[in-house]
Amino acid sequence: MVLTRSNRKAAKPQTPPPVKKLSKKTQTPPLSKSEKPQTLTSKKGAAKSQKKPPLKKQKKDLVEEEEVSDGSDLDTEELDESDDGEEGSNGFFSDENDDGEEELLGDDFLDGSGDEEEEEEEEERSDSDADLSSDSDEGDIFKESEAIDRAKAKEEEDADAELLDFNKEVGPGEDSEHDTFRLPTEEELEEESRGPPDLPLLQTRIKEIVRALSNFNVLRPKGASRKECAEQLKADLASYYGYNSFLIGALFELFPPVELMEIIEAFEKQRPTSIRTNTLKTRRRDLADVLLNRGVNLDPLSKWSKVGLVVYDSQVPIGATPEYLAGYYMLQGASSFLPVMALAPRENERIVDVAAAPGGKTTYIAALMKNTGLIFANEMKVPRLKSLTANLHRMGVTNTVVCNYDGRELPKVLGEKSVDRVLLDAPCSGTGVISKDESVKTSKSLEDIKRFAHLQKQLLLAAIDMVDATSKTGGYIVYSTCSLMVAENEAVIDYALKKRNVQLVKTGLDFGQNGYSKFREHRFHPSLKQTKRFYPHVHNMDGFFVAKLKKMSNMKQTSEDDDEAVETVEQADVSSDDDDDEAEAMEEMEKVSVPSKQPKETKENKERLAISKEKKKGKKDAKSKSKNVERKPKKKRSDWKKEIAQAREEKRRAMREKSKEKQ
């Protein structure tokens with residue numbers, strides 16, 4: 001049996017042992033059924049195990065090879081003993097047995113790897129695959145976090161590098177003194193004044209000064225102070241944009257240099273055209289559909305308005321469409337919506353619009369009231385009454401009475417405490433609407449601001465007097481201007497708070513900047529923070545100011561009341577002196593009326609009483625003399641006012657004479 005077996009295997013090619021060991025390693029046992037689902041479930045682990053077999057398996061294979069080789073030696077020894085003693089055939093059988101060893105090793109390896117060993121190997125594979133997958137997931141997270149950290153670090157480095165480049169460009173360096181900015185000398189300014197303005201030079205100088213003032217400690221021009229830079233900036237802005245020195249100085253006090261440039265640039269651009277839907281005749285959606293069909297490109301104005309539309313461009317004149325002539329909408333600036341929204345009129349109220357022309361705010365009030373109640377639309381200038389009445393008719397307003405009075409006289413005409421709400425869009429300098437009227441740049445002066453402020457104070461007091469504080473639904477006054485000057489806005493409201501029993505309340509507007517409670521050397525009431533300011537460079541609308549007042553009581557303090565109060569104080573002082581004398585007399589009478597249970601008066605006691613009486617008489621005489629000296633005739637408050645008015649008139653005359661002499 002052994003010879004036949006050896007003959008069969010003798011035909012097989014003989015290969016050197018190291019080559020067969022490599023081929024053995026490449027041979028893999030057939031996968032059992034239990035191994036197939038594992039390969040399906042763990043695809044990543046199987047792929048990795050096929051590419052790189054685990055180290056544990058390699059160690060096991062080496063151990064098994066050594067054991068099998070020992071067994072094969074034992075088999076060859078048995079075969080030699082079973083032969084008939086032929087020595088020549090030992091070499092042949094040794095070669096054959098070598099081949100047989102390789103064959104037996106292969107069979108023993110295949111037959112000896114049982115199910116238990118295969119299961120252990122598969123478990124080890126699955127464990128190693130799970131470890132590798134968990135390690136790979138954790139590695140991915142670490143890699144991502146490291147990538148994010150590297151990206152952040154790179155961004156910071158880029159930002160630092162950019163800042164350094166910027167500082168090198170704009171900052172004064174030690175090595176580049178010839179490139180640093182400096183203010184022009186007097187000689188250079190004289191040469192510039194002789195010829196036409198050099199606009200590119202002015203523009204670059206304005207930018208450099210603004211940049212220096214924004215960070216003066218670092219970018220300070222050599223040998224220049226902040227005041228000199230500010231004065232040069234004012235002069236350059238006035239010559240470049242065409243402002244007078246007063247207005248550019250007033251704006252410079254209101255805004256820092258960077259924001260000043262923004263608002264001046266905003267004044268050079270036109271504000272977007274806006275229209276207001278007349279809800280008495282149509283809805284905004286229907287109006288927008290009709291205008292879009294006519295070639296008008298528009299959008300809703302903003303979230304804070306339910307009736308406004310902004311018009312970008314139009315193929316037809318927006319002020320001459322059939323819808324405009326039918327009264328479906330009104331051409332009105334976005335800032336003009338704000339006072340009416342702050343007033344918040346209700347149905348069946350009595351409302352006064354002190355300065356109503358051309359009727360945009362009045363028609364908006366009528367639309368909110370749904371043509372109920374009563375509106376008094378007052379306009380002082382007769383030529384503007386035509387546009388007011390025309391717009392009221394076109395918009396279908398039927399609850400409005402048009403009147404032509406001075407707003408300061410309205411309390412006498414309509415009566416005090418006669419209305420629920422008053423809207424005062426006061427006449428002003430117009431410094432917030434320079435984009436509409438560029439003449440404001442050169443036409444306004446300090447005297448004009450003072451004159452407007454005085455008129456506004458009078459109109460506001462008259463408006464407060466017309467409102468009934470006991471109104472169930474009203475009692476509110478809204479004051480608004482299209483000016484940016486503090487003297488026309490916060491100062492006027494602060495004056496009204498001192499003169500009338502009113503309080504500032506919230507305007508109901510969700511946007512806008514708060515008003516000033518202090519400005520430079522002025523200190524106003526803290527509640528002025530509830531007022532609202534609107535700027536063209538921030539809100540993309542005309543400059544505007546809105547304040548809402550609530551009248552707390554109908555009592556007011558006039559000059560007559562003050563005079564009466566002074567007289568009552570003087571009477572109280574006189575009466576107090578008389579009362580003291582009467583009290584002393586009453587005490588003496590009580591002493592005399594007390595029954596004398598004391599011992600009889602002696603001569604010493606009588607003398608003491610006489611001396612005390614003389615002392616009291618001396619005190620009374622001194623008091624009477626002092627009263628006669630102190631009680632001098634005092635001037636009334638009205639006399640003081642007359643003298644002050646005369647002094648003011650004399651000063652005005654003197655100022656007029658000086659101005660005439662200068663001219």
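A Cβ is built for glycine as well, from the same backbone N, Cα and C atoms used for every other residue.
Quick look at what TrEMBL lists:
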- CYS482: active site, nucleophile (ACT_SITE)
- ALA355, ALA356, ALA357, PRO358, GLY359, GLY360, LYS361, GLU379, ASP406, ASP425: S-adenosyl-L-methionine binding site (BINDING)
- 1-11: compositional bias 'Basic residues' (COMPBIAS)
- 25-42: compositional bias 'Polar residues' (COMPBIAS)
- 45-59: compositional bias 'Basic residues' (COMPBIAS)
- 63-87: compositional bias 'Acidic residues' (COMPBIAS)
- 95-139: compositional bias 'Acidic residues' (COMPBIAS)
- 140-155: compositional bias 'Basic and acidic residues' (COMPBIAS)
- 575-587: compositional bias 'Acidic residues' (COMPBIAS)
- 598-613: compositional bias 'Basic and acidic residues' (COMPBIAS)
- 621-631: compositional bias 'Basic and acidic residues' (COMPBIAS)
- 640-663: compositional bias 'Basic and acidic residues' (COMPBIAS)
- 263-552: domain 'SAM-dependent MTase RsmB/NOP-type' (DOMAIN)
- 1-199: region 'Disordered' (REGION)
- 555-663: region 'Disordered' (REGION)
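Positions of TrEMBL features highlighted on the structure.
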residue : record                               : Cβ contacts under 8 Å, 6 or more apart
ALA355  : S-adenosyl-L-methionine binding site : ASN378, GLU379, MET380, GLY407, LEU424, ASP425, ALA426, PRO427
ALA357  : S-adenosyl-L-methionine binding site : GLU379, LYS381, ARG384, LEU385, SER387, LEU388
GLY359  : S-adenosyl-L-methionine binding site : ALA377, SER387, LEU388, ALA390, ASN391, LEU392, MET395
LYS361  : S-adenosyl-L-methionine binding site : SER336, PRO339, VAL340, ASP353, LEU423, ASP425
ASP406  : S-adenosyl-L-methionine binding site : MET380
CYS482  : active site, nucleophile             : SER335, CYS428, GLY430, THR431, GLY432, VAL433, ASP542, GLY543, PHE544, PHE545
Below 8 angstroms Cβ to Cβ, which residues of this chain, lying six or more residues outside the compositional bias 'Basic and acidic residues' (140-155), approach it? none
Count up the helix, strand and coil residues in the compositional bias 'Basic and acidic residues' (640-663) according to DSSP, in that order. 23 helix, 0 strand, 1 coil
Could you state, as a whole number of Å, the largest distance between Cα atoms of any two of ALA355, ALA356, ALA357, PRO358, GLY359, GLY360, LYS361, GLU379, ASP406, ASP425, the listed S-adenosyl-L-methionine binders? 20
Tell me the residue counts in helix, strand and coil for the compositional bias 'Basic and acidic residues' (140-155), as DSSP assigns them. 16 helix, 0 strand, 0 coil
